Amino acid sequence: MGEKPGTRVFKKSSPNCKLTVYLGKRDFVDHLDKVDPVDGVVLVDPDYLKDRKVFVTLTCAFRYGREDLDVLGLSFRKDLFIATYQAFPPMPNPPRPPTRLQDRLLKKLGQHAHPFFFTIPQNLPCSVTLQPGPEDTGKACGVDFEIRAFCAKSIEEKSHKRNSVRLIIRKVQFAPETPGPQPSAETTRHFLMSDRRSLHLEASLDKELYYHGEPLNVNVHVTNNSAKTVKKIRVSVRQYADICLFSTAQYKCPVAQLEQDDQVSPSSTFCKVYTITPLLSDNREKRGLALDGQLKHEDTNLASSTIVKEGANKEVLGILVSYRVKVKLVVSRGGDVSVELPFVLMHPKPHDHITLPRPQSAPREIDIPVDTNLIEFDTNYATDDDIVFEDFARLRLKGMKDDDCDDQFC
């Protein structure tokens, strides 16, 4: 029999190693009707804490300008959501009892570990990063979620980097289990001096939902009853990013293009299936392209389509991402014809892990010294499986140079 796999837990310590935050995951899923709760544990050195308190904050922020342009007290950043939790001393009426993971961590880490809990509102945007240009420095623009733990006498007191922990988490969405109808569109163009003859274009996709890296099959059917000749057919995939902040603006960027010299003569028909695949690897140099939030040692991808719950307040949302396929007929002597097909580009929903029920009774555990620097804790207690601790990753884009170790994400 093989060894039982451990439960992975992410950790990150303050520069002075007096404060350590533990989280069971970095990605929190928006299920439209609810969002996964943020439950973690903070471990504190009691000799260092003295008469101070331990606070944990969750912030959702939208950075819409370069960090090096923040001058004269002006910041190109808007906080969309801020929540604060006092981890120590514990509140007299905690919002909820510890989760199973928190309970296990509290037992392993000892009496100086304290739980914290946050609920992410449903109307907040998902984590999106706008791809920086080659000359851009500092933090990339976009929407991110940050957890910060620090020691202070009050929440208003300014915290210091040496005794605080900052780490980035992601709010993500996965593909719906039931996709929508097959996208299709058609249009007819009548030309002057053509004796009421027309050029008809019909296009469709084989389905509405595609996963990242999956090719799109675009079915194009042309009926040319006009006197003009279709010289070329262009198929492109465009990303649309609606920036909802002080006002709403839409930016579009082609992420895949295909051009074929397929001619359609007058009084003839044409039918063909074009295959096109939108990939980030073909768009590395495009500044402002929306990407999914990325973690260290993990390559990112084009931003997933945003699914908005019906009735949601779009003014609160930071970046809404959508995709369309555009089919264009290049006609001789002008008068091009085109249609657009909206589709959804997302990651598939991963298989849910089976959570074993908590045992009704358990033998009393013996207090043993715990080395919090260990990567893996081996125990033989039947009521608790192994926990594997992994250092929390710093948020960066692939190809970007690492900053100094005092960076808040290191």
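Cβ from N, Cα, C; glycine included.
Feature annotation from Swiss-Prot across SER13, SER267, SER281, SER361 places phosphoserine at SER361.
Check Swiss-Prot against the ranges 56-66, 67-77, 386-396 and you find motif '[DE]-X(1,2)-F-X-X-[FL]-X-X-X-R motif' recorded for 386-396. Looking at 15-47, 147-179, 378-410, the stretch flagged in Swiss-Prot as region 'Interaction with AP2B1' turns out to be 378-410.
Cβ-based neighbour count (10 Å, all protein chains) for PRO181 (hydroxyproline) stands at 7. Taking Cβ-Cβ distances under 8 Å and a sequence gap of 6 or more within the same chain, the neighbours of TYR48 (phosphotyrosine) are ASN16, LYS18, CYS151, ASN163. Each residue in the region 'Interaction with AP2B1' (378-410) has a pLDDT score, and their mean in this model is 45.
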